Amino acid sequence: MTIQWFPGHMAKARRQVTEKLKLIDVVIELLDARLPLSSRNPMIDEIVSDKPRLILLNKADLADERATDEWIAYFRKEGIRTLPIDALSGKGVSKLPEMCKELAADMLAKRSERGMQGRAIRIMILGIPNVGKSSLINRLSKRSVAATGDRPAVTKAQQWVKMGDTLELLDTPGILWPKFEDQMVGLRLAASGAIKDELIDFTEVALFVISYMMHYYPERLIERFKLKELPEDRVEMLEEIGKKRGCLVSGGNIDYDKAAEIFLRELRSGKLGTISVERPIDWEMDEPIGKPVSFPE
Ligand SMILES: Nc1nc2c(ncn2[C@@H]2O[C@H](COP(=O)(O)OP(=O)(O)OP(=O)(O)O)[C@@H](O)[C@H]2O)c(=O)[nH]1
């Protein structure tokens, strides 16, 4: 599901999250391992404030392992513990309870100093649409002892999923918006399938991914599209893809949009291998790889 974000929606989303956060001891920030910063809410630090936080890089099964390691180091430098997971298969998820307990340790110590005991550590998942929040909640509830019903002290609609004796997870995640105003962020989100196809320009998105792959994964393009060598530029590459996939229109010209659509479909279904479309270094470049060129009219 893609939500169209407008200032009013953002304000509402923020209000809802802030309200729920009052009940929460540890925040799980869920990002897409293939595009961690582009799948991150731009106001997250302000929203979460000083609550203990953990970053999970979800869909790590689709990401490039080396890029994922770079991201783990990146977030570690920011002082946030980061774990790659795959919410669908559950890979990496078993480490979660222990990490949450460690993060909450200080808070628990303070609580017991004040003579407060007994309450479970409460956890909430925050993330943009389509990042895998529901998949993770489902996965964690399967592992749990039992899903508890409404508690008298808690707002009616909220349910807590028990995770062992000491942890409880809020069963409704907090939905936040990404940094849409950045063109490169939009292209990365579109490449990952996070934006409805009706809303994207296939050619523009495919040309971004092709540039990125020509830089980081040239051999995959050569192999997948059975080329002798890599073409000079991305438009030629898209043309080659069009030829190989039979996207021709009258006069022997290439139907670029069709070729782009097929290419993106192959990318998203994993036929081009595990690919990350963002690395920390991309954000240090004046001219990011795959930046759209505007042609003079
Ligand atoms: N390959 C892979 N796919 C995943 C993973 N986690 C989620 N998905 C897929 O990503 C899509 C979105 O997952 P959801 O769990 O619905 O995401 P969400 O964040 O709850 O989405 P919204 O309800 O739109 O906010 C689904 O098609 C999932 O099957 C993962 O770790 N690996």
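Glycine is no exception: its Cβ is also placed from the backbone N, Cα and C atoms.
If you look up TrEMBL, you'll see ASN58, LYS59, ALA60, ASP61, ASN130, VAL131, GLY132, LYS133, SER134, SER135, GLY174 marked as GTP binding site. Residues annotated as domain 'CP-type G' in TrEMBL: 14-178.
Cβ crowding, taken as the number of other Cβ atoms within 10 Å, peaks at ASN58 among the binding-site residues ASN58, ASN130, SER134. Once the Cα atoms of ASN58, LYS59, ALA60, ASP61, ASN130, VAL131, GLY132, LYS133, SER134, SER135, GLY174, the listed binders of GTP, are compared pairwise, the greatest separation found is 23 Å.
Summarising the environment of GLY132 (GTP binding site), the number of other Cβ atoms within 10 Å of its Cβ, over all protein chains shown, is 24.
The Cβ neighbour count for GLY174 (GTP binding site), using a 10 Å radius over every protein chain in view, is 26.
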